[in-house]
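Down below is the structure, laid out as structure tokens.
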Amino acid sequence: MCKHAKIVPLTSCVLHIFSDCMVFNFIACEFLKQGEPTSARCDELESLRKRGCDKIENPHGSQRILKNKAVTNRKKGAEKLRPEDITQIQPQKLSLNLRAGEPQNIILRFKRAEDYPIDLYYLMDLSYSMKDDLENVKNLGTSLMKEMSKITSDFRIGFGSFVEKTVMPYISTTPAKLLNPCTGDQNCTSPFSYKNVLKLTSNGQQFNSLVGQQQISGNLDSPEGGFDAIMQVAVCGDHIGWRNVTRLLVFSTDAGFHFAGDGKLGGIVLPNDGKCHLENNVYTMSHYYDYPSIAHLVQKLSENNIQTIFAVTEEFQPVYKELQNLIPKSAVGTLSANSSNVINLIVDAYNSLSSEVILENSKLPEGVTITYQSRCKNGVVNEGENGRKCSNISIGDEVSFNINITAQGCPKQGKPESIKIKPLGFTEEVEILLNFICECECHKHGIKNSDMCHNGNGTFECGACRCNKGRVGRQCECRKDEVSTEDLDKNCRKDNGTDICSNNGECVCGTCECKKRDNPEERYSGKFCECDNFNCDRSNNKLCGGHGRCECRVCICDANYTGSACDCSLDTSTCLASNKQICNGRGNCECGTCRCTDPKFQGPTCEICPTCPGVCTEHKSCVQCRAFGTGEKKDTCERDCSYFNLIKVKDRDKLPQPVQAFPLMHCKERDANDCWFYYTYAVNNTEKEVHVVDALECPAGPDIIPIVAGVVTGIVLIGLALLLIWKLLMIIHDRREFAKFEKEKMNAKWDTTENPIYKSPINKFKNPNYGRKAVAL
């Protein structure tokens, strides 16, 4: 029988699908083939239908909402409601019937209620370094009540303090130091681990009064015992006075923290038990139990829906930021040196925490998985781990979560289970009851000690026998002690020399029960398990070519198919050419494929002729646009020219050469720029291939520089030549003039010694008295 399978007795094949398998039964029809085990009744739905089973029991998962109270639409100032009457998540309780592998989807709605009650517990470090902080906290009650009234009309506040474990080396255990751990004239109270000073109350004046009576204490080491205090605040709900409302824990300190393992320094080795140990509002077991671990704190804070606000000085911000990453729904604020900004810090941290909703679920039963998808504000959709949360939610905003819950199988006990889903930091939760579909309805109608099970040796249920203890066989016809006798084994051999059940099954009561394959589609059958439905011939890696079924290792082909692997189609429609002729009149149609008789023609219908005239011109435009992005079809290239594979080569020597296997045409074409390009066109087994040289061969253009240089040189040379000619002419002219002058000179008639027309520029005058004697008077 199939795992968890039960089938009703019907007079026709009946299949029941459930869990991780499907089940069928037969009475009138022979559903199981000879040798097939009863487990073969489990199969895929379509497979069983193909095998002729026409009545199928196929149970599906379902869900039912048991509690569906609508989310609260309440405005501030409206009639005050009790916390338990306020609803922020819907629905609150469901019941799911899960079938293996079939997810059930539920939708949860979440809406932040306005004026939702808040409980806030202020846990303060009272070591000596916090002395000035205590003075500011003494008036915190009324001030914080006034500020929080803007958010909610139902606010309560409490106060607790902590220092350190009261053993060495955390504190000094000398009698004087136990009374007053501070030095000098400072008056300090005795050291303590944790005190619950004030239970949650709505009386701000009482907070101020009791906190005003507190005194600073002291210890020796820098890290404090705050984790002990947090644990007690989380688990001592009755002492603290927590209600089922928003719970805030403000942890105020200016130092680090001790955690699990540090207790060994004081000889404390017992792990923290996570239980409440308050007597007279004082933690009494700090000397007995170690500090809690971070994981332990996370668990208890989550269980009790407490959101933590770490108000720490700037020096320890990095430490508590890392701690925030480990504690869901927690926040860190920077505390001023004297805690003067604590109110603003608390309000800002609350707004940050309350603007984010994160879903968590309790431990899931074995084999059950859960996935989340969040639909957040402004249509933001998150999946995976982020599918658990939504951020930036304001009061009155509504978000939803799609949750898929899937069972991978049936639990061992098959008993109902339950899980809980809740938003972190909120007290409300959704309870989901899980029922597993592990058997069919027909199991309820079994006939005990039925005559159909070999004289009442079994219960006939779901169309098959479930044998009584000590009986085996399909009809419970054998006892267990006679199953393996030699006489019965002979009935399971095809002949005396073969293996029992062809080594593909077991001999049960003299009848072969064939092995079950991992693949439910594959089966052994036959009297001796000598047949199977998966060892037939294959085509295209498909059994019987995908056009038949395998029976006893022989393909039974579908209509219009033949061959040992049903790979030969008798349909000739695939051989019709565009002219409606079979294989274009140039071939024969064999198994739906043309075999061309004319060697020039190729292709699926013998219409392609790679070596016929005009091939190069026909493909020129497509080759040009595909290879170079130019040509007539460059705008429609992708649409019109994707019918061939383009392969680029570096030069013409790399182009393929004609071979016997398939014809090939070499082409040389010229583009609009008078550039030549070279390519080959061939059809290789219906694949059209074009090899093209990736560089155009264009005519070389004029070389400008030599031309310019030649022109300039020519002009210079012509100029020089003209100058030389002019010079030569002038020389000739001068010589002729000089010769003419010489000739005229020779023919002159005047004295060559004196120019006849020359007139001297010198005039001579003579004094008439020059040379005479003087006369005395």
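Glycine too: its Cβ is placed from the backbone N, Cα and C atoms.
Curation does not apply to TrEMBL; its annotations are automatic.
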Cysteine paired with Cys514, where TrEMBL records a disulfide bond, from Cys501, Cys507, Cys529: Cys529
Disulfide-linked residue for Cys188, taking TrEMBL as the record, within Cys182, Cys236: Cys182
Disulphide bridge to Cys476 as given by TrEMBL, partner from Cys462, Cys467: Cys467
Separation of alpha carbons, Cys438 (disulfide bond) and Cys276 (disulfide bond) (Å): 43
Of Cys453, Cys478, Cys492, Cys552, i.e. the disulfide-bonded residues, those within 10 Å of Cys512 (disulfide bond) when Cα atoms are compared: Cys492
From disulfide-bonded residues Cys492, Cys575, Cys596, Cys606, Cys622, the one whose Cα lies nearest Cys442 (disulfide bond): Cys492
Structural state census, the domain 'Integrin beta subunit tail' (616-703) (DSSP three-state): 20 helix, 29 strand, 39 coil
Among Cys462, Cys583, Cys698, the one of these disulfide-bonded residues whose Cβ has the fewest neighbouring Cβ atoms within 10 Å: Cys698
Those residues of the chain, 6+ apart, with a Cβ under 8 Å from that of Cys544 (disulfide bond): Cys536, Asp537, Arg538, Cys550, Cys555, Ile556, Cys557, Ala565, Cys566
Residue with minimal Cβ packing [other Cβ atoms within 10 Å] among the disulfide-bonded residues Cys453, Cys478: Cys478
Overall pLDDT for the domain 'Integrin beta subunit tail' (616-703), taken as the rounded mean: 83
